[in-house]
Structures are given as structure tokens and as C-alpha cells.
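If you check TrEMBL, you get these features:
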{"type": "DOMAIN", "residues": "B:220-427", "note": "domain 'ABC transmembrane type-1'"}
{"type": "TRANSMEM", "residues": "B:34-55", "note": "transmembrane segment"}
{"type": "TRANSMEM", "residues": "B:218-245", "note": "transmembrane segment"}
{"type": "TRANSMEM", "residues": "B:265-285", "note": "transmembrane segment"}
{"type": "TRANSMEM", "residues": "B:292-317", "note": "transmembrane segment"}
{"type": "TRANSMEM", "residues": "B:337-358", "note": "transmembrane segment"}
{"type": "TRANSMEM", "residues": "B:365-381", "note": "transmembrane segment"}
{"type": "TRANSMEM", "residues": "B:409-430", "note": "transmembrane segment"}
Amino acid sequence: MSLMLVFALVFVIGAVAFFIGRQRAAAHDNGKVKPHSRAHYHGWWAFLLATLPALLLLAIWSIGSSVYLNSHINGQLPAQTAESAIASRTLAASLTKSLANGLRKLEPEAANNLPATFTELQPMLAARGVALAPDTQDYMIPIAVDANRTQDTMQLIGGVLVLALAVAGAVFGLSKIKVRARARNNVERLILWGLLGASTIAILTTVGIVLSMLFQSINFFERVPFFSFFFGTVWDPRFAAAGAGESAGQFGLIPLLAGTLYIALVAMLVAVPVGLMSAVYMAEYASPKVRAVVKPALELLAGIPTIVYGIFALVTLGPFLRDLSAALAGGTSFIQAQSILTAGLVMGVMLIPVVSSLSDDIITAVPRAMRDGSLGLGATRSETIRKVILPAALPGIVGAILLTASRAIGETMIVVLAAGVAANLTLNPFEAMTTITVKIVNQLTGDLEFNSPQTLVAFALGITLFFLTLIMNIFALYIVRKYREQYE
Amino acid sequence: MTDISMDTVAGAVPRPRRDIGLKRRYAAERRFRIYGMLAISVGLIFLAIMLFSIVSKGYTAFWQTTVSLPINFDEKILDPDNKRATDPSVLISANYPKLAENALVAKLGINPDDKVTIRKLKGFLSDGARTQLRDVVAADPSVIGTTRNVDILAAANLDSAFKGQIDLNVDEARRKVSDQQVIWMKQLTTDGSMAERFNTGLFTFGASSRPETSGMGVAIIGSFYMMVIVLLLALPIGVAASIYLEEFAKKGRLTDLIEVNINNLAAVPSIVFGLLGLSVFINFLGLPRSAAFVGGLVLTLMTLPTIIIATRAALAAVPPSIRSAALGLGASKMQMVFQHILPLAAPGILTGTIIGLARALGETAPLLLIGMVAFVANYPTTPFEPATALPVQIYMWANEAERAFVERMSGAIIILLIFLMAMNITAIVLRRRFERRW
């Protein structure tokens, strides 16, 4: 019995329980005793009793049976595979598994008299659109057949058990229907647990992020010393050729960190003055008409995906700056097409709406009385803004700037396309530098081997990035929150 | 200020005014205002330049040059040994390019025996002619032995030349279209068989190494799958979490922890979610690489904070009087939430969801890490098969060297921006339409 069929049948049983339950509860309501819950709550309670335990069992059974099947296959693999390296043993197991999956695609007749060798079997499978690794061995065929048979039995037993549990749940639920039964409270309690469960997903995600990166990073630091990662000044990971053993690459974080911070700095130099001034103008000067046009336009700027900015930098701005510098210097261009300046400029523009919308909220939150007081004492509007409003809003603005800076540090697509891949250490903004995010993408696209430091370093970079932004975010949120309390 | 000075001139004894630097201060005021306007124009001008540069590079991608040729589906070329009744694979591997070449030779009036001239035709028609003609035969085998007009795609370089994107004044050796080909192109243009037609292939083709036969069909489907998954997962989970936090949660450690987590997740760099997806979904749970399903899960986790924050704001905006009224009439708290608060908050929730979806649609970085940078030529039939996504397709085209790919890439950006703009405008309209002031 396939998983989907069992799943569907459980729901059918649940639906039947719902309808019977609702009808029974309605029949109980004879007008003499006031029923505790309305009829459909009884139906829902019966539905939940029928489905939830059954689905839980289904989940446990399918996980359990796949674990059992794995050990079953492993146990049958011949001894010589067991003696060789563990990697080839797991490989043999996975080959057997994909062979077993492939055999399921065959016609029943062909499956009943299988050839004994893989060379004969392969064309039959290929005809059904199943491509298998050529190093599949002959001895795997009987194991695969046996695995399929075991799997079928396990599924049949599991399916019967699950369906029996569903029916039992439904019968139990239906038997509990009485006029004063508290069906609504039962249903609502379950819903509440569901709501709580949904809200813990945020915690689970954070835990997942931290744990997954931590494990891989620990793996990485077993191969590369902690100190030479965080304080190394050379980034040269050198991809090892397959099977050539581990070549010692150098994984120095410093050039990447420097590039990340430098590009973020250039971006902030563009975004903060421009964004802040736009926010001030929009909040204090702009007429409602101008606001109605400009605000959506700035929101549009914020809604453009970062890949589009990156491509603009790569295709238009980068070559333009290069040609411009060539024209200025008379021939040789001193700005490279991929440079800190290009990436920083474009990222800065991307961040303008972020700064402006965050600081807009903060500026408008400054109480009216402070404005009126300053204007009433004869200050001009700009003096009021510079000497009263901005100082009052300063903590909030600092928070906004920190949040923006964490966006700049974690930004990926713009720098992947516009900043270059060479890990230089330079102060010249016209040259290319690379960032942490670029290197994460570089190390993880293409073929992956989860046991080489070249792949694992991406997780060490990722956890560095995560904690860098985490500290900035928490600090920013703390400042913003503390500031808000002052006026409310 | 001019008024004042006129006034003082008219008066008998000019009274000296105390200098309080008014002039200077007003000038500073004006400057400040101008800075503000400059700041806003910087953003808007950049937006305009960027949109202009993309549209001017990309609008030509919606047209593709094709050559309308009377193709003679010659039995001698397709099936020389007349075996197709017994062995259908003959028709799959037949020499279709030869058919197109023969038709072109006849059309241009070249002597069929002039091998030297015919060799110059190489690179005139797209290599996609093979699949194009094969599909014609596969759809209707009775076409063999007859002649039929087929619009064959021109090769990418010819397409660029036809659209005027290749400077024909450059020395012949340094451009990709030969003089002879330009002459033929003009000949075909004047008799009307070579023309630009709407480029449906841009929307239907999968990945290809040739620009003229590559399209974003697979990417559109992949993005569609992912959006459906995000909607099905993130909306219910996000709304449930918000209801709990806003309506039921008691102040306490757990609630605080959840809130801090949500706020922080909203600001975590998107690439970190990609690392999570790679290490948990693919490496640990063994889900397939490059699959839209994994992409959808990663984007769901990324979108959840956005939806939760928007939903909580919408729930909080429903006034307490509604709650009191519902409870006062004997509703349970759960009934109050699901039958009264939630319907009233629905427009706000919907707006937040659409904005979250729009952000997920444009997201690229995490998808690169879970292997969606893949050469996928065939449509994925389920979300578990390899697929790409719209922004990832754009990224892949950006890494191609050929000029014609830049055109396709800009065209794809236009389409992506149209999708995003439609979503954002829907969100704004919804907000305007259903926004209530209590």
C-alpha cells in the first residue's frame, strides 16, 4: 500500500467520522438539555481522533521502516565490501537502493524473471528511462529484489495498522458523543497547540541555522586550525583534484572580511546621507502631492530584486566607469570594470530606500511639541531639523544605520556580479576585492564534497557572517526599542 | 527681504537693524532644502537610468528573427532505406539540418553543386532547426515527401545583425557575420521571408547553449512551483504563529524568545538560509538537489518573518471593541479569533503575504547554494525534479559570454520586473481598497 493511498484513506475515514459525528450530535439535541457544544465540534473532534494518531503512527512507521530497510540492505552486502573503506560501503548501499528503485519501474513480467548480471539488466532499465551508475555490481540484484519485497511487506503491515488505528480512533470519538460532552474545548485545545507549534518554527529555524553551520564548521576546524582561519591574510583554497588527497589550501578570513567591510563602507557612504536627507525632506518639507508620487517610487526602488542591481553594475555601470576613467586618464583605465567603487555605489543605491523608510518612521515619531517649540523660538526649519529633531531621533537613526549596515554585509548578488572574485588586500577603491558572501557562493556552486575543507569553509564563513549580522541586528533592535520608550 | 530694504530706503531715518544673521540663516535653509531635493532625485534618477538601460537592452528579446522556408521533407534524406515503419528511431536521428539547408539553397538561388558557397551558409540558420523540423515530422508523419512552409529560427548572430546590433562597418574578420551572409540576409529580407516574429520561445524553451533556442520556460515553471509551495506553507504557518503571539501568548520567556527570533530572522542575510537548506534539507534529509521543492522550503523559511510581522500588525489593528463584543455574546476566544478578528484582518494579511511572495520571487542567493544553477532543458513535471528559477536563470545568462544572451537576460529581467510590479500593485490596491479606519 503506497504512502499516498494510506494518507488519503485516513482522511476518508476522518471525513466519515466527521459527518457521522455531526449527525449524531445533532440527533442528541432534543431540546430538553442544552448541548455543551454545537454539533460540528463533535464532528471535528471525531475527525481529529481518527486522523491525528493514525498520521503520527504513519510518520513513525515510515521513518522506522526506512531505517530498518537500510540496515537490512547493509547486513546483506557481502563481507568484502564491509572490509573496504566506509565510503565505498555506503556507496554500495546507495547503489543497491537506486537499483531497487529502478527495478520497480519494470513491467511485472520482466521483474519476475530478472537476468543475473547487471550488463543484461541495464538495457532493460534504460528502456524504462532508468539510468543507473555503471559500477552497480551483479551481487546487488538479489539484494535489491529482496529489499523491494521487504519494503512491500513493511508497507502492507504499516498501512493496515495505520488504518486500524484510524478506525479505532473514529469509533472511540463517536462513542464519546453525549449532549454535555465538551467537544468544543477539546478541539480548541488542540488548535491552540497547533498555533503554538507554528510559532516555534521561528525558534527551530534559528536552531537549525546555528546547529547546521556549527557542525560543518567544527568539521572544518578539525582540518584547518582556528587561528589560521580567523587571522590568516591569504585566501587561496586550491580545489583538490578528485582523489588527489587533501592539498593544503590557505583559508585566511582577513582579505574577505576587509573586502566585505570596505564595500559596505562605500555603500553606507552613499546610502546614509542620501537616504537620511530624502527621509528628512519627505517628512518635513514635501507637500502631500509630492509625497504621493515619490514615496511609491522609492518603494519601487526597494522592491527591485538585488540581482537586477547586480546586473546593472556588471553590464552598464562597471564598463561605463572603466571607459570614463580611460577617457580621463587618456588611454589606460584606472578603474577596473569590477571594483569596490562599482559594487559599493550600486549597493548604496539599493540601500537608499532602506535607510529612508527606517528613518522616516523615526523622524515622524519625534513629538510635535518639540518641533513647535523650536519653531516658536524663531528657529528656521532646517535649524529645527538639525538641532532638535535629528538629535532627538539620533538613537533610532543609529539603529537604522546598523540594520542597514547588516544588510550591506550580508548582500550577495550585487557583490557576486560586481565586486570580483580575487581576494586582494588593497585600499584602492578602483580595484576588485571580494567578500565573504561571494566566497560562500563560489565554494558551494558546482560539485560538492562534504569532507573537503574547500566546501566546509563556506559554513565557517557563513557562521561568521551570521554572528556578525546577529550582533548588529540585536544591538540595533535594542537601541530602537530603548529609544521608543522615551516618548510613549 | 527686498520689501524691507525698500521700506528702509523710503523711511526718513534708516534705523540700523541688529544683525541676527537672517540672510545667512535663510541661505542655509535654502541649501538644506536643495540637499533634500537632490537626495531624492539621486534615487529617482538612478531608478530611471536603471530601468531605461534594462528596457533598451532587453525589449528586442521579445522578437526573434525567423526565416520562412518551403521545406521539402524529402524521403531520400529522412529515411533513405525506408525503414521507418519497422524502426521509428530512424526519424529521430535523421539529417534534418540538411532539409533546412536544401530549402535555403533553393530559396537563395545558389547552385546546389557549389559546395564552397554552400559552406558559407554555416551559421545562418539556428541549430535548433533540427528539433524544430523533427517536431513537425513527429506531430504529423504524413508530411514526409511533401513540401511545407516552416518558420526556421535564424542563428543568434544573424538575429543580432538583423536587429542592427552588429556594426556592419567593422572589418569582416572582426565580426561574427560574413559579408556574404549579410547579402543573403538582405535578399531574404526584401522578398519578405526573413522577418522578426514575436519570440514565443523566450517563454517556452528550456536551457540551451545556443541563445536563440534558450528560454525561460523551465525557470517560469520552477518559480511557479516555488511560489505555490511558499504560499501553501508560509501563509498558514505564519498566520497561525501570529495568532498565537498576538492573541494567546502570555508574556514570558518563551514568547520573548520567539519574538526576538522572528525579528532577527527577518534581518538574517538570505544566503544563510541557503546554507541552512543545503546542510539540513539536502545533506541531512536527503532531499534532491536543484529541486523546486527544496527551493520552496528555503524561501518559506525566509518569507515567514515578513508574513508574521505583517499579520501581527493587521491583527493588532483590529480594535478591542470587536473582541469585547464577540466575547460578550458568548463566543469562546478561539471563535472570536477565527470568526471575527481574522476576517477583519484578512486584507492586511493578504497584502503582507503578497509583498513577502514578491520578495521570495526575486530572491537569488539561497537558490544558488541548493544547486538551482543547473542546466535544465526539460520541463520539470513535479517539484522534486531539477528546475531553475527566474532570477537564477537571469544570473546564468549574465555569466554567458555571447552578446545575444545579454539581450535574453535583459528580456528576462523585464518579465521578472513585470511580475513583481503586478504583485506589488495588487498589494497596494488591496490595501487602499480594504483599508479600514476604525
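Placed from the backbone N, Cα and C atoms, the Cβ positions cover glycine too.
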Feature contact check the transmembrane segment (B:34-55) with the transmembrane segment (B:409-430), CB under 8 Å, 3 or more pairs: yes
Stretch of maximal Cβ-Cβ contact with the transmembrane segment (B:365-381) [cut-off: under 8 Å; candidates B:34-55, B:218-245, B:265-285, B:337-358]: B:265-285
Per Cβ pairs under 8 Å, the stretch of B:34-55, B:218-245, B:292-317, B:337-358 packing most closely against the transmembrane segment (B:265-285): B:292-317
Within-chain partners of the transmembrane segment (B:218-245) [C-beta distance under 8 Å, separation at least 6 from its ends]: 203, 206-207, 255, 258-259, 262, 292-293, 295-297, 299-300, 303-304, 307-308, 311-312, 315, 337, 342, 349, 353, 356-357, 360-361, 372, 376-380, 383, 387-390, 392-393, 412
